[in-house]
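Novice: Pulled these from TrEMBL:
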| type | residues | note |
| --- | --- | --- |
| TRANSMEM | 12-30 | transmembrane segment |
| TRANSMEM | 50-70 | transmembrane segment |
| TRANSMEM | 82-104 | transmembrane segment |
| TRANSMEM | 125-146 | transmembrane segment |
| TRANSMEM | 158-178 | transmembrane segment |
| TRANSMEM | 190-208 | transmembrane segment |
| TRANSMEM | 276-299 | transmembrane segment |
| TRANSMEM | 336-359 | transmembrane segment |
| TRANSMEM | 379-399 | transmembrane segment |
| TRANSMEM | 405-429 | transmembrane segment |
| TRANSMEM | 436-458 | transmembrane segment |
| TRANSMEM | 508-529 | transmembrane segment |
| REGION | 591-615 | region 'Disordered' |
Amino acid sequence: MVQMHFSTLDYVIFALLLLLSTGIGLYYAFSGGRQQTTQEFLLADRSMHFLPVALSLLATFQSAVAILGVPAEIYTSGTEYWFLGVSYILGLLIPAHIFIPIFYRLGLTSVYQYLELRFNTATRICGTVTFIFQMVIYMGVVLYAPALALNAVTGFDLWGAVLAVGLVCTLYTALGGLKAVIWTDVFQTVVMFAGQLTVIVVGAWRVGGMGEVWRIAQEGGRISGIDFNPDPFERHTFWTLAFGGIFMMLALYGVNQAQVQRYLSSKTEKEAIKSCYLVFPCQQIVLALGCVMGLVMYAQYRENSPLASGYVKMPDQMVLYFVMDVLQDLPGLPGLFVACLFSGSLSTISSAFNSLATVTMEDLIKPYFPSMTEKKATVLSKLLALGYGIVCLGMAYIASQMGSVLQAALSIFGMVGGPLLGVFCLGIFFPCANSVGALSGLLAGLVMAFWIGIGSLVSKSSSSVPSVNTTAFPQTGNVTMTAMTTLLTTAATKPRLSGLNKFYALSYMWYSAHNSTTVVIVGLLVSLFTGPTKGKDVNPDTIFPVLSSLLFFLPDKYKERLNCGVRFRKKVTNRNSQQYQKPEQECNGCKANGELGNTESEESETLENTQLSNHSTKQQYYHIVHETAL
């Protein structure tokens, strides 16, 4: 394996990234309200405009492993992956018009508070613990794997990079809170765009221009047509990417705490929705940059890939080798791409720290210590962010010792998203679902997710010829390849699969859809057997009326039947504003499980009243019904 080296200027540019990120965190730590309340530390005092929120949402989505993975995927398999952009349409429209209005108007801090308002406390805790498990496993891998790839290609000090990025991220997250995280994300997004554009421009210029790049890619069969094969066991087809990707997007942008927390930090609900809309073109640009970089890389090497030639050992190292090869005569530019790479790591990890601190405080500590003062809660939130930073470094060390088991650790992140999406969909779209059904569905979804995910890994590792339709993981000790959001497939003769092996060959793009559907089906069946919740007993604030919204042209009496007995407020329009008329029987206090009637305890009533009052100081509280035809 050939190893290249950085110049002094490259190290200086990387150091500037860390210093500027730290500076932003310190600025927000000692300016404004100085992070003295939990609202300011965890939600940026609900004062953010849509532009920084949108760029922060984008930065969290664009991790370092995606920057390495997408070009390598395009180089190896062609542009089929580009059709994932089709899923962004519904994958962002649905959160903008369903999830965001519900969560924002309820005045939540943790998205899992919704599960208590709709179901019960046990469902909320199960959702929180599942999310914590998911993020703790993932954040160590996302920190360690890019540093390992960089070390393998350039000799960049492995643990120096891990410690520098981990400590800087912990520092500005613990001191500056969510506002510092969002603004550093904005800066890091600019760095990511600059790094990728630089590589594309210089690489295309060396080949002979973008026209030549496209011609070479076409001759090499890397410009893919539209594959309408409906087989869900095919790794990438139009349907797999365009529709399976919708559920993946919903799990990320609809119900993931790291993303929802940014919506909730917006100044108004309208600003939150605008941020979701702005993410759409930005994501298309990011996807296009990754795909074009893969085509430029193919035009440079064609079939003589650095991997086949022995210059690198793993596919995820190909991008870094390409960058060093193309930019080696331009001091400072390799450092700019490394800054781009670790900007992805910083944005993803800082989001994990902040969201983990938020759910731990709001879901696991505050409900059991109601008398805790605001000052103590704020200090504890900062300590939690600091503690999760230390845990991240510990997980990075564990990742370095895991060897081939690391592939399963990374897969856990994808496995858990689907079941969490399913339990939220069960609550929002199905008024008859009860708390027993929600817990049973979540458990069934998690079991199904781990069964398929781990079964696929075991089936593949026990076979000498990997399945062409499933994710191919390396069988060596070098496991950096596993830390990709887009995982490569080894070209091999398609084996004939049957039984469980066929089941395990399900495309990874359908995992979220399959697992979330399992939660909904099991949850509904259990709810029906144990006594479904009556529509009149459901808090309408926690429900979205799907059928009556889609069939908005029907008379009101028919739409009321479609609402399954849920008493929604009617919209009343006047010259100045649109408000919602209360139902005939107004609740005297909503139960924690989302039902109407007298509260079961003072604590449940206090929880919801506090959440609603948080919003009332900034805008009038509107009801959840949002007449939208998708």
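Please read every residue number as a count from 1 along the shown chain.
Placed from the backbone N, Cα and C atoms, the Cβ positions cover glycine too.
Could you give the neighbours, burial and distances for every feature on this list?
Specialist: Beyond the ends of the transmembrane segment (82-104), by six or more residues, the same chain brings 74, 111, 114, 224, 226, 236, 238, 241-246, 248-250, 253-255, 260, 263-264, 266, 269, 272-273, 276-277, 279-280, 283-284, 287-288, 291, 424, 428, 541-542, 544, 615, 624, 626, 628, 630 to within a C-beta distance below 8 angstroms of the stretch.
Same-chain residues lying 6 or more positions outside the transmembrane segment (158-178) and placing a CB less than 8 Å from one of its CB atoms are 18, 21-22, 24-29, 35, 40-44, 143-144, 147-148, 150-151, 184, 261-262, 265, 342, 345-346, 349-350, 353-354, 382-383, 385-386, 389-390, 392-393, 396.
Same-chain residues lying 6+ beyond the ends of the transmembrane segment (190-208) with a Cβ under 8 Å from its Cβ atoms: 17, 59, 62, 67, 216, 285-286, 289-290, 292-293, 296-297, 299-300, 322-323, 326-327, 330, 333, 336-337, 339-341, 343-344.
Long-range neighbours of the transmembrane segment (276-299) within the same chain, counting only residues 6 or more positions beyond its ends whose Cβ lies under 8 Å from a Cβ of the stretch, are 50-51, 54-55, 57-58, 61-62, 66-67, 70-75, 79, 81-82, 84-85, 88-89, 92, 95-96, 100, 192-193, 196-197, 199-200, 203-204, 207, 212-214, 216-217, 220, 222, 253, 263, 318-319, 322.
Outside the transmembrane segment (379-399), and at least 6 residues removed from its termini, the chain residues within Cβ reach (under 8 Å) are 35, 38, 41-42, 136-137, 139-141, 143-145, 162-163, 166-167, 169-170, 173-175, 177, 349, 352-354, 356-358, 360-361, 365, 372, 406, 409.
A Cβ distance under 8 Å defines the sequence-distant neighbours of the transmembrane segment (436-458), meaning residues of its chain 6+ beyond its ends; these are 115, 118-119, 122-123, 126-127, 130, 407-408, 411-412, 414-416, 418-420, 422-423, 426-427, 470-471, 473, 500, 503-506, 511, 514-516, 518-528, 530.
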Novice: Using a Cβ-Cβ cut-off of under 8 Å, list the residues of the same chain that are 6+ residues beyond the ends of the transmembrane segment (125-146) and lie near it.
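Specialist: Distant Cβ neighbours of the transmembrane segment (125-146) are 63-65, 68, 110, 112, 115, 162, 165-166, 257-258, 316, 341-342, 344-345, 348-349, 352-353, 355-356, 359-360, 363-364, 388, 391-400, 406, 409-410, 412-413, 416-417, 419-420, 423, 439, 442, 446, 479-480, 482-483.
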Novice: Excluding the flanking five residues on each side, which residues at least 6 beyond the ends of the transmembrane segment (336-359) place their CB within less than 8 Å of a CB in that stretch?
Specialist: 6, 10, 13-14, 16-17, 21, 42, 56, 59-60, 62-68, 109-110, 112, 128, 131-132, 135-136, 138-139, 142-143, 146, 150, 156, 161, 165-166, 168-170, 172-174, 177-178, 181, 184-185, 187-189, 191-192, 194-196, 198-199, 257-258, 261, 320, 323, 327, 381-382, 384-385, 388-389, 392
